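**Q** For reference, TrEMBL lists these features for the protein:
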type	residues	note
DOMAIN	236-379	domain 'FAD-binding FR-type'
TRANSMEM	16-35	transmembrane segment
TRANSMEM	55-75	transmembrane segment
TRANSMEM	102-119	transmembrane segment
TRANSMEM	139-158	transmembrane segment
TRANSMEM	179-200	transmembrane segment
TRANSMEM	220-238	transmembrane segment
Amino acid sequence: MGESWFRREFMVPRRLAFNVLFYGAHLSLFIFGWYTQATNQRLAGLNTLKYSVWISRGAGLVLAFDGGLILLPMLRNIIRIIRPKLTWAFPADENIWFHRQVAYSLAFWAMVHTTAHYVNFINVERTQIRKQTALQIHYTQPGGITGHFMLLIMVLMYSTSHQKIRQQCFEAFWYTHHLAFFFMLGLYTHATGCFVRDSVDPDYISTFPFYSTEHCLGYLSWRFIIWPGIIYFGERVWREIRARRATRLSKVLAHPSGAMELRIIKPSFKYTAGQWLFIQIPELSHFQWHPFTITSAPEDPYVSIHIRQVGDFTRGLGDRLGVGPSVVASMTQAAMKGAEKDEKSGMSRGDYVELDPAGSSITLPAIRIDGPYGAPAEDVFGAEVAILIGAGIGVTPFASILKHIWYRQKKGKLGSLRRVEFFWVCRDAPSFGWFQSLLQEVEAAQADPNFLRINVYLTQKISEDMLWNIAVNDAGAEYDPLTLLRSRTTFGRPDWMTIYGKMMQAIEGGQYLPGSTSQLKTKVATYFCGPGALAKSIKDATVFHTNSNVEFSFAKEHF
């Protein structure tokens with residue numbers, strides 16, 4: 001049975017602390033806004049509307065607070081800089097999660113604020129404390145115009161933010177989310193005008209801001225919440241300047257299973273293993289930036305990313321580069337049959353097709369990259385044991401990390417890291433192809449067979465042809481017939497409770513990390529990239545098996 005909502009939100013200390021601080025601050029601001037409105041003698045006329053105007057004021061103050069707060073987790077460059085120093089204090093890698101929490105709060109208080117104002121306007125028309133109709137307030141006053149404008153933008157942004165929509169049509173999410181610029185303009189100007197005043201009639205003047213501040217008492221919260229907007233705007237300008245630095249797409253490799261590898265040369269780009277970036281192909285779109293994990297190591301002379309062709313943008317890019325579905329289909333035949341080499345094409349599963357612009361009519365398009373940005377997996381060298389778990393294309397951050405470990409292993413600079421467990425969970429056999437050559441190299445380079453252990457799981461039901469080929473090729477073979485690794489492929493889904501339980505017992509028994517330190521508290525860090533359902537089962541296993549001797553931690557990759 002899954003973990004209850006109450007237990008997750010109120011029985012986990014860090015989550016409980018967040019809820020108390022976050023919702024406590026919102027409730028306090030609501031009460032403060034209510035109180036200041038109700039006790040303001042200059043607004044005695046408006047206060048005759050009683051509860052609806054007090055509620056609208058309290059909710060409006062909370063909305064102003066959320067309007068500034070929602071931009072803070074999007075300051076990616078600032079987060080990247082402070083992340084290594086302040087990870088202990090707050091979960092910097094959960095910035096997207098925090099952004100969503102603020103968005104949920106924004107939606108709730110917007111409904112409260114809007115409902116209260118509709119009651120206000122109806123009561124103004126009914127009591128005639130001002131000679132206006134509700135429609136006039138709605139559509140001729142700055143507050144009514146900007147309020148409805150912001151509500152429209154929120155409907156568009158929220159409706160295209162669902163995970164399924166982002167996956168199927170990222171462009172809709174991208175463009176609607178950039179309406180936030182206009183939303184912020186509406187927020188900063190929402191309290192202007194002369195709706196809030198201590199006189200019956202508005203006190204307009206002929207010069208900016210076109211109303212008298214003597215009688216027009218517009219709220220001034222925008223003076224505080226505008227600063228996150230200014231900082232965010234400055235960061236976006238800096239990102240644009242940085243992205244325009246010299247960048248060149250040097251090579252394109254087509255791997256089985258629809259993955260294409262882009263190798264990019266950008267001398268000014270510095271990163272650490274496990275980080276990610278945004279790319280833009282101006283030929284396909286001048287505005288869209290798409291996030292991808294870096295798969296090269298910092299020691300490589302290029303920056304590489306692996307892209308799976310699953311959406312409009314990625315398929316369009318594959319067709320533009322000449323490595324679209326038709327090319328990939330011929331490459332996956334051997335893998336689908338479970339054979340080491342396809343007789344017609346002469347290609348094995350680990351092979352790739354390199355696009356050679358000199359020998360074809362295809363030219364490589366211009367490319368821009370923005371980043372790098374931090375990810376939890378970059379902390380891998382701070383743990384004694386690192387468990388790297390990738391599901392499908394979610395293995396990409398670990399390509400960079402495994403390469404980097406390989407380079408550092410040669411130099412003898414592994415920090416606290418003493419063992420690495422790598423799990424790759426794949427749905428189908430072709431997915432093994434693009435990562436196979438790297439795993440072979442890393443596995444072959446291991447002087448200590450206990451340092452790196454590779455665990456590969458195939459979850460899809462296999463065909464009769466594949467089953468026959470596996471049976472024939474596996475008998476007495478030194479290498480696994482599917483992955484061509486020494487480590488054998490396991491069929492089915494991994495049982496994480498059993499895996500972590502056995503690891504905990506081995507560590508406590510001194511068998512997993514030989515030596516004197518094996519009896520001390522051992523830190524085992526789990527880094528995961530993949531679907532949320534799998535993440536939950538892995539996290540449950542880490543929490544369940546943590547004790548006084550073994551401390552399991554869990555971190556998930558977020559974009």
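Each Cβ is built from the backbone N, Cα and C atoms, and glycine gets one as well.
Bear in mind that TrEMBL entries carry predicted annotations, made automatically and left uncurated.
Describe each of these features in terms of where it is and what it packs against.
**A** Below 8 angstroms of C-beta separation, residues 9-10, 54-55, 57-62, 65-66, 101, 105, 109 of the same chain, each at least six residues beyond the ends of the transmembrane segment (16-35), sit close to that stretch.
Sequence-distant contacts of the transmembrane segment (55-75) (same chain, at least 6 residues past either end, Cβ-Cβ under 8 Å): 25-26, 29-34, 36-37, 95-96, 98-99, 102-103, 105-106, 109-110, 112-113, 116-117, 120, 184, 187, 191, 219, 221-222, 224-229, 231-232, 235.
Through the fold, the transmembrane segment (102-119) approaches residues 22, 26, 30, 49, 52-53, 55-56, 59-60, 62-63, 66-67, 69-70, 73, 134, 147, 150-151, 154, 158, 161 of its own chain, all at least 6 residues removed from its boundaries and within a Cβ separation under 8 Å.
Sequence-remote contacts of a segment are chain residues at least 6 beyond its ends whose Cβ falls under 8 Å from one of its Cβ atoms, and for the transmembrane segment (139-158) they are 103, 106-107, 110, 114, 117, 121, 176-177, 179-180, 182-183, 186-187, 189-193, 195.
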